Amino acid sequence: MADNELIDTVQASHNNNTKDKINKNDSVTLKKILSGLNKQQKLAVTFDYHNALQVIAGPGTGKTKVLTSRVAYLLLKERINPEDIIITTFTNKASMEMIDRLSIMLRDTNISTSNLLIGTFHSVCIKILHRFGSKIDLSPTWRIADQNEIDNILSNIVDRMPDQIRDYANSMTRKVNLCMPKRGRGESDEWTVSPKLVKKQISKLKSSAILPEEYINDSMHDTALAYFYENFQSELAKINALDFDDILMYTFRLLTKERCLPNIQHVLVDEFQDTNEIQMDLVFLFAKGNHHLSRGISVVGDPDQSIYAFRNALAYNFQTMVQKSPIECSRIVLVENYRSSQKILDTSEMLISQQTRGRQNRLPLRAQFDYDFPPVYINFPASFLEASSIIKELLYLKALPDLFSFNDFAILVRKRIQIKPLERALIEHRVPYKILRGHAFWDSKEIIAMLNLLKCIFSPNEKNAIIASLLYPSRGLGQTSADKIKFIFEQETNSNFNSTSSMQILRDIVANKIQIDIPTKARNVIIDFLQMINTCTSLFNVEPINVALSDIFEKLYELSGLRYEYLCLDGKKKKSIDMSKLEENFDNVRHKNVTILKTYFLGPTNGPSTSSTDTNTMTNIGSISSASVLEHIRNFFNSLTLYTSDLPEISSSDEQQENMNWQKVEERKKTQEGVTISTIHGAKGLEWPVVFIPGCNEGTIPSIFNDEAKDGSSDDEGDDDDDRNEIDTDSKTSKKRRNLSMEELIDEERRMFFVAQTRAKYLLYLSSFITERQFENEPSRFLTSDLVKTMVDEQKVLEKVENVMRLYHAMKREPLVASNKKFSLKTLIKDYSNFIENRRERMIWGGEVVHDISNLNLIENVSVQPQPSLVFTTAATQLRVQQQGTKTNQHPPPPSISHHPFNQRNNSQKTGPSKNYAPNGSLESDLLVSPTKVLAPLQTMSPSNSPSNVTKSFAPSYVPKRNKSRSTSPIRKPFPSPERKKILSPTKSLKEEDKELALKSTSKKSSSRNSEKSKRTLSSSKYWANGNKIKQENDDDDDRMIFKKAPVNNPFQNTKVKFESNGRISKSNDSNGIIRLKREDDDKTADYDSSNNSNTTAAELLHNPDDMIIDNRPILTNAKTLADAIRKPRNRAENIKKEKKSEEQVDSENKGKKMIGLKKGVTASQMDIFSQLSRAKKKTKGNTGEIIIID
C-alpha cells in the first residue's frame, strides 16, 4: 500500500513539474506576444473575455495582429480550450493566414490550433449543418448550388410565370419592385421582371431568416415575390441543394431550436462592419453556448470601411450590436497606423471626415513615418490620355534602380469597364499585369462541361446538368430535342413530385415508356449517355477510393466525347478535317485545363484545405479518406463553391504545367511579376507601395448615376445599382426614406474611395478627366477644395535627387545607382521634368522622345542610342527641305511619321524617284507635339540658300486652359506649373531676354455676313525670330496689325507681300524698321507670287469660308500633304488646267452634294485638301472621334 502511495506521489510530482514547465513556456510566449503591442492593442488583447468588446481598427492599425494575439491570450492566459473558441473571418484566405500566424505564435507551446473552429460564416455554418442538420430535417446528402445553377433556376421560373403574376409585378399595387426596363437595341418603355432583382429580394428575406411559408402568411407580403420565393425553394429541393443564404438561414433556425454548441466560451469576429443582420444574430447564438445569455464576444472592424451594402451588410452595425447585446459592451479605438505615410493618411482623413453620420468619437490616424511626398492628383483634358499617362508615370518610378518591382504597383478601379483601356495601355507599353478576382478558369467551357458530368453521377435529379451534358459536345442531339426532354422533366416532376428522378425519366424515354418525338440520332445520344453513367456508378465500390475517383473522371472525359473534342477536333468541323491524318494534340489548352481540374478533384492537394480543424467536423476536401465516392464528390462541390473567390487564376503560362497543384499555383502567383489591376472591392484588405486610382469622376466615384442598361459596367463585386432602382421605383417608399437612402449610398461610395486610398503605403495617385458624357463631365464631388489642397500635380519624389534618396531610406532599400554607369538619377529627373512639361503625352528617356516603347531599357538612360524621328513637323519645314533637296540633290533622313494614339501609321509620301522628307527632330522639336491650338506665323523668312532669301518663322505656342474652374476644387492640370514652364521650339533657341511677344488681333464685320466683330486674345509666349524683340501695338484707326522691332539689318527691306482675298498676308517694310501686315480683301487684282508660296500657313490652307459648321477639334495630318497642297505649277496655263481637272474630280467625288462657290484663288491641291478634310470630319464624327486625321 505504501509502495502504491509512493508511486502516486512520484507521478503527481512529475505531472506538476511538467505542468510548471509548460506554464513557464506559455508565460514566456505570452510575454513575448504582449511586448509587441502598442497601448491600445494591449488593452484590446487583455480585455475581460466574459464581456463583449468592440475594437475599432482603422486601415493599417494591426487588426489581424490584435485578433490573433487575443486568441493566443485566451489560450495561454485564460486557459480556454481551442475547441471552445469560434473565429469567423471575411474570407477563407484570411482564416488560413490567421492559422499560420497562430501556429508561429504558439510553436513553443503544446497548444494545437487544429481544434479551433475558424473560417467564414458560411464555412463554419456548413460544418455545423453537416453534424446537426438532421435535427431540422435536412437531407444528409445535400450540396451547395453554384451561382450558374441558381441563375438558371430563377430565369426558368421567371420565363414560365403565370400572366397574373406578371401583371401584378408591373402594377402600381405591388409592394416590392421586381421589374427593370427591358433591354434591347431599340429604346422601349416596357418593364419586365428581372431575375436579378428577384434573386436580391429573396436574399433579403433569407437574411432575415424568413421561410417561404412564413412570408406567404405575412399580411404585408408581395404576391409576385411570394410566388418566386416558393418556386425557387421548391426547385432547390428537387436537386437537394442549398444556396449560400440557405446555409446561414438554416443554421440560424437550427441554433434557435437546438443547443448544438454548449461548450463555446468565446466568439471572435473579423471585419464586423461587413456582417449582415442574420450574421450578427448568429454571433449571439454562437456565444450563447449552454448559458441563457450570450457571453464572451470580441468583434474587430472599421465602420469607415463598410462597403458591402449590396450583400445586406449593416454600415452601422457597431451601434446595433450595442443595442442588441445582452451583456456589457465596451469599445477600444486603434489610431496607430503602420501602413501608410502621414501625407496619405491626411488626404484619406480629409475625405472620410466629409461623412458626419456614424463617426462619433473617431480620432485621426497617426502614421509611423512621413516625408514630403503628398498624393498626386491629375485632371486630364481628355479621357484617352489618362490610361497611357498613368502607365508612363509608373515606368518612371519603376526605373528607380532596385526600388520597385511591378508587383509593387496597383491600379484600383470602381467599375470593371475601366479595366479595358488600362489593359490596352499596359500592353502598348510592354508592362506585365494581372487582374485580381478573375474566374476565367472556372467559367471556361471545358470546366463547366466536366463539372456537369460529375453532377450527373452525383445525383439523378440534376436535370439542368443532364440537359447541358446531352447538348455538349455536339453528337446529334440538338436544342429542339433538348427542349422537348426538358418539358418532359418539368411535367413529370410536377405531376409526381419527388418520386421519379430525371435520370429515370431518360431511361423511360429510351424504353418507350414515355412517348416523345425526337430523331433516332438524338435517342442514340441518350442511350450512350445512360451507358456512360452506369459505367461510372459501377466504379463507386472500387478500392482504394483514389483509384475509383481517377477512373470515374477518366471515363467521363473519354465516354462523353470531350477528350476526342479537345485532342483531335479542337473546335473544328469534321467535314474540314482529314480523318486519316488526325493526331492527338496534347498541348491543347482545353485538355490541359481538364487535367488541372482532375488534379483539384483527386487530392491530396485538389483545393485549398479549409484547415486541419475539418477533420473533426467535416471531411476535408484536400484529403482522400475512407469516405464514399459520393461523399467526396459532395465535399468537392461544397468546397469548390465556397472557395471559388479565393482560387488562383490560371494563366496561359500556368496551363503549360499539366501536373499542377494548389501549392504550385500559389507559389507561382507570388513569384510572377506584374502590375495588379483590381476593383476596389477586390482590393479590400490588401496593400501596395504605389497605388493609382483612375476615373475619379462623377458617375464613377461615386457610381450613383450609372446607366447600367447602357454600359453594363457595374463592378462584379459591388453592384448596387439595383438598390437605386428599388429606391426610385417603389411606389410605397416615402420621399424622406428615398433621400435617406441616397445619402447612405453616397456615404458608402465615399467609404469605398477611402478604402482605395488607404491601400497605398508610400505613393498615391488620383486622376480624373474632362468628358462630354452626361454626369461624368466633372471630377468627383469628393474632390473638394480642402481635399485637393492636400495633393500636388506632379510627383515630388522625382523633383530632385535628395527626394529619391529619402524614398530609398523610407523603404529601407540601398540605392545602387553609383555602380551603374549607364544610369543617372539626374537624367531621370530631367526626363520626368520634360515629361511633365510635355503634358504627360510622351515618354522622355535619356533626353529623347521614346517612340518605340518596346525597346525601352529602364536600366540605362545615359548613353541612349538616337531613334528615328517619328514626330510631327510643319508644312513650312517640309517645303524648305524640298527646296534644299532640289538644290543639293541629296536624300534627306527617313520620313517623319505622326506618332499619335489616333494616327500610328506610316505617312510617308511617294512622290517620285527622289523622295523629300521632313528632317529628324531634336528633343525640343519633339516636345512641340501637342493637340493644342497653334497660331499661324506672323512673318516668314526663307533660308539663306533659298531663291527668295526669306526665312520661315513659327507661330507662338501656348498652353490652352482646357480645364474649366470649379467652385468646389482647384483643378490639377497635367501641364507644367508657370515656374517650370519651358517653351520649346523646332528652331534653335536664343537667350530669353531676346524673346518677347505680345499679339492681339481683331477682325472687322464681314460685308457678306451679319456677324458681330470677333476678338481673340492670346497669352504671351516666346517668339523665335532672329534675335529681335517684337512688341505689340494696336492701331485703332486702321484694321492692321503693327509690330515694332529694333533697328537692325532687315532682310525684309524692299519686300512686299499682300494678303489676298483667299487669306494671304500683305507685308511691307518702311525705313523705320516697322513691318506692317494688313488684309487687302478689297483688292481683287492682287495676285499671289509663286515664289513666296511658303508664306501660306496650315490655318489659311485649311480654312474654307463656305464651311458653315464650326469644328474646334485638332487636325492631324502629314506635313508633306500640306506642302503639296500649297505648291503651285510653274506657269499659269498649267495651273488653270490642273485647277479645272481637280474641280472635275471633286465634283465626281461629291456627287449629289451642293458645293457653294469656292473662294477666288483656291488652287487645285487646296481643293483636294478641302475634300480630304470633309471626308476626315465625316469619318471621325461617325466614330465619335476627338480629333480629325487627314490621312
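Here the Cβ of each residue, glycine as well, is placed from N, Cα and C on the backbone.
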Between 1-22, 353-374, 1145-1166, I'd like to know which one TrEMBL lists as region 'Disordered'. 1-22
Given the recorded ATP site (A57, G58, P59, G60, T61, G62, K63, T64), which additional residues of the same chain have their Cβ within 8 Å of the Cβ centre, ordered by sequence? V66, D302, L334, N337, Y338, R339
Checking the binding-site residues T61, T64 for other Cβ atoms within 10 Å of each Cβ, the smallest tally belongs to T64
Give the sequence-ordered list of residues that share a chain with G58 (ATP binding site), lie 6 or more positions from it, and have CB atoms under 8 Å from its CB. D302, D304, Q305, L334, V335, N337, L365, T758
Calculate the per-residue pLDDT averaged over the domain 'UvrD-like helicase C-terminal' (342-685) and state the result as an integer. 81
For A57 (ATP binding site), nearby residues of its own chain (Cβ under 8 Å, 6 or more apart in sequence): K63, V66, V300, G301, D302, L334
